[in-house]
């Protein structure tokens, strides 16, 4: 009976662990998506925070053109 109780407890522990791990998966996926979006947003913000010496302000649209772009009446142009 002692061995039977041990295997019963072991089986219950395995089933409980698998249930807990499956329930945690959707939360982990949302964390991964959120981290991915924050990296994308962070890289967008980083592109706009270049040093002032490497930017020229476009008077037509009041934005900064980063080299090798140049300012035209319609906005920043260049590669």
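Placement of Cβ uses the backbone N, Cα and C atoms for every residue, glycine included.
Swiss-Prot marks one residue of 26, 59 as 4-hydroxyproline, namely 59. Per Swiss-Prot, the annotated 4-hydroxyproline among residues 51, 68 corresponds to 68.
For residue 71 (disulfide bond), the number of other Cβ atoms no farther than 10 Å from its own Cβ, over all displayed protein chains, is 18.
In three-state terms derived from DSSP, residue 71 (disulfide bond) belongs to an extended strand segment.
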